[in-house]
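Asker: From TrEMBL, here are the annotated features:
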- 40-59: transmembrane segment (TRANSMEM)
- 80-102: transmembrane segment (TRANSMEM)
- 108-128: transmembrane segment (TRANSMEM)
- 140-162: transmembrane segment (TRANSMEM)
- 168-188: transmembrane segment (TRANSMEM)
- 208-226: transmembrane segment (TRANSMEM)
- 291-316: transmembrane segment (TRANSMEM)
- 328-347: transmembrane segment (TRANSMEM)
- 354-375: transmembrane segment (TRANSMEM)
- 381-399: transmembrane segment (TRANSMEM)
Amino acid sequence: MRKVFENSSWLLIDKISKLFPGILVLALMARHLGPRVFGIWNYTIAFSAIMASIAVLGMDKLVIKELMASEEDSPRIVSTIAFMRLTAALACMLLSIFLVHLMNPGPVYLLCIIFSSFTMLLQSFDVMDGFYQVSNSLKTVIVPKVTVFLVFCAIKCIAIFYNAPLLTFLWITLLELVTTYVWILGKYSLQFTPPSLRQVSLRMARRLLGDSWVLIMANLVVVLFMKVDNILLNMLATPEELGNYVVAVRISELWYALPTVVSTAMLPMLFRKKEQSHAAYLQTLGRWLRISCFISLSLAVVISLSAGMLMQLLYGSAYATAAGILRIHIWSAIPVFLMLVIVQYLFVEGKYKLYLYGNVVGLVLNVVINLLLIPHTGGKGAAIATVAAYASVYIMMVVQDKSGQAWLLARDLLHPVKIYTDVADISQILRKSWNTYLFSGSHKSIPHE
């Protein structure tokens, strides 16, 4: 469990250190560029994200499973997966540029998609994250990411001060990614066998592709219904309306980082927990689900009440309609927090298809509601569609689990006795940790394993 907390702590440091500077810089850039240009840029980012979900090839999860099964073979695994992702990313990048230019034949759209799509190539090296996660050394990738992010936040602020054009921000964003991944790849290459074509195993690549098609489809469907609202708003409304929607959604989705961090760190532990004790494994999942419900509900209430003040403070009168969108969209946090717990459960159980089926239902519902509401209510309609879509995914995954374990976990979500036990146990753990810190002989940091 300590290793999970270490990994979670570093992931949380990553997210929190980016949270407030990220909000500030995003607000300054949105004000500087205006709703129309900011909307177009985010449309191309959304389009690139959809294509990137294919380029990942489902390897973000499979790399962890492969490395845990055969850690001594890590050079071959890392090289093979990096090669697979680079090849897929290049194809998806070229296709993205072609499709966006075909649908939106304008110079601003073309410029933005060229820069945005380069992200796919660079993110192929996220395979290093999986390696360091399994070896409980996430600090190695998080320190470069946080450092580079903060430095480039300052550079973006300087560019805003000097009234820089859109092209400058596109170059700064690309250079930020290049710097980050060069640092991570360089550090990995100094410590371990660097990725190379000699290490690539075509046999392993074929096997992994055979195992990953469900994850590829699931990732595509997930990103589609996360980003399809951006695409449809650009088509059915205006770039200005999309700009208002994007700034509201960014505030809402920032909080998704918390369950994402925990779920990423929990996955290796859940595999081990299940091997040791099935009852303890289910107890951990149940407690995680209840805590997620409490945190997300509290968050939704607070943000809903403060949305008007928050949007005015950050973005000003140019984004006046964003507050109403945020009041609706923030309620998607509840199904998202719960869904991420069930997703990890399904992955550990090997029930990838249930994840895919649930997301297909959510995507269809999202598109239908968007098509019905966007022409009349704009961004608010897209926010309603998002909440309904995430809720449907969570419900479908629980209902489809024939073992009944997911239903039992969901049933105990508001069980008063279990909630009381959770609070008591967590309080005891925190109290012991605090006492250990206060009365230990020296406040040394936990040594790395």
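Glycine residues also receive a Cβ, built from the backbone N, Cα and C atoms like all the rest.
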Asker: Within the same chain, where does the transmembrane segment (291-316) have neighbours whose Cβ lies under 8 angstroms from its own Cβ atoms, ignoring anything closer than 6 residues to its ends? I mean 6 or more beyond.
Answerer: 23, 27, 30-31, 247-248, 251-252, 255, 258-259, 322-324, 326-327, 330-331, 333-334, 336-338, 340-341, 413-414, 419, 422, 426
Asker: Taking contact to mean 3 or more CB pairs closer than 8 A (sequence separation of 6 or more), are the transmembrane segment (108-128) and the transmembrane segment (40-59) in contact?
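Answerer: Per Cβ check, the transmembrane segment (108-128) touches the transmembrane segment (40-59).
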Asker: Count the Cβ pairs between the transmembrane segment (328-347) and the transmembrane segment (381-399) that lie under 8 angstroms and are 6 or more residues apart in sequence, then report whether there are at least 3.
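Answerer: With 3 or more qualifying Cβ pairs, these stretches touch.
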Asker: Under an 8 Å Cβ to Cβ limit, what residues of the same chain, 6 or more beyond the ends of the transmembrane segment (208-226), are close to it?
Answerer: 49-50, 52-54, 56-62, 66, 80-81, 84, 352-353, 355-356, 359-360, 362-363, 366-367, 386, 389
Asker: Can you tell me which parts of the same chain pack against the transmembrane segment (354-375), counting only residues 6+ beyond its ends and a CB-CB cutoff under 8 A?
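Answerer: Distal contacts: 214, 217-218, 221-222, 224-225, 228-229, 232-233, 236-237, 343, 346-347, 381-382, 384-386, 388-390, 392-394, 396-397, 400-401.
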Asker: Which residues, given as numbers and ranges, are at least 6 beyond the ends of the transmembrane segment (40-59) yet have a Cβ under 8 Å from it?
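Answerer: Beyond its ends, the transmembrane segment (40-59) has Cβ neighbours at 33, 81, 84-85, 88-89, 91-93, 95-96, 99-100, 104, 108-109, 112-113, 116-117, 119-120, 123-124, 127, 130, 166, 170, 208-209, 211-216, 218-220, 222-224, 226-228, 230-231, 234, 239, 242-243, 246.
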